[in-house]
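Working notes, structure below.
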Amino acid sequence: MHRRAPLRPSARAAHDEREPGGFSMNTVPAAGDAYRLRALVVEDEWPARNYLVELIEASSLAGVVGAVASLGEARQALHLAAGGAELDVVFVDIALTGSDDATGLDLVRASVHDPRRPMFVLATAFKEHAIEAFALGVDDYLLKPFTQERVDQCLRRLHARKRPSPAAGPLRIVARRGKNLVFLEPSEVWAFEAADRLTSVHTPHGTFDLDLSLASIEASFGRALTRVHRNWLVNAAYIKELERDGGDTRIFVGIGIGPERRGVCVPVSRDRAQPVRDMLLASATGLRRG
């Protein structure tokens with residue numbers, strides 16, 4: 001078993017400690033932003049996977065559009081990319097639990113003759129595969145433990161080789177329902193929830209599993225989401241009601257008002273209750289203030 005990439009204290013605090021799943025987060029850079037490479041992370045150990053995601057997201061040169069735990073999920077993501085989904089680079093570990101005798105190199109080898117294939121970076125604890133990896137056309141080789149400096153160096157190198165597609169359109173969130181991938185528009189998201197070491201996305205189509213920490217999601221969406229609780233991020237555009245009962249505050253996020261049309265009841269932490277109320281009132285009229 002390969003070594004786990006150590007988490008910094010700050011990274012540990014940001015993680016919601018969830019187990020592996022099959023989630024991809026696609027984000028649209030704000031107007032005027034420099035082009036960001038779209039990266040897929042393939043790593044079976046969720047602490048190492050989330051840590052690498054954080055390092056990539058911390059750079060201004062790339063954004064994570066996928067984070068999966070197995071070669072099967074990685075192949076599915078590459079198949080979707082071949083069908084038109086935007087993917088620039090794949091960060092893949094060598095040894096992946098549950099992949100039988102297959103390794104990350106097999107994923108690279110399978111796409112050697114594909115002119116549309118993305119760039120590949122081996123992200124592993126094993127340095128002895130470097131010669132074979134570069135012979136297969138791997139673009140870089142990251143050794144664990146990962147560092148921000150090394151990841152930034154890698155991304156600058158990759159960025160120099162890649163230019164944005166003029167036809168690139170809005171990207172989507174890809175969540176998991178069982179063995180299927182579900183594609184969602186960012187504008188459809190009501191809220192993200194972290195509970196029992198899992199992360200979920202709530203939408204009008206249902207609730208689906210994700211594989212990134214709330215910290216990573218918040219970094220990807222930026223101001224499009226509002227943190228109302230340590231376990232909740234919400235799309236303020238879908239907040240329909242605010243309820244206060246004694247010292248408790250709740251908001252109802254969804255598409256309608258009233259018991260029959262409420263989507264999700266979201267708790268608001270006491271330290272965020274007043275800022276959330278002020279935020280909602282700042283963009284509304286009709287209530288006497290004083």
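Here the Cβ of each residue, glycine as well, is placed from N, Cα and C on the backbone.
Taken from TrEMBL as is:
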type    : residues : note
REGION  : 1-25     : region 'Disordered'
DOMAIN  : 38-159   : domain 'Response regulatory'
MOD_RES : Asp93    : 4-aspartylphosphate
DOMAIN  : 173-282  : domain 'HTH LytTR-type'
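Applying DSSP to the domain 'HTH LytTR-type' (173-282) sorts its residues as follows: 30 helix, 51 strand, 29 coil. Look at the domain 'Response regulatory' (38-159): DSSP puts its residues at 51 helix, 26 strand, 45 coil.
Model confidence over the domain 'HTH LytTR-type' (173-282) is summarised by a mean pLDDT of 87. Cβ contacts within 10 Å of the residue listed as '4-aspartylphosphate', excluding its own Cβ and spanning all protein chains shown: 29.
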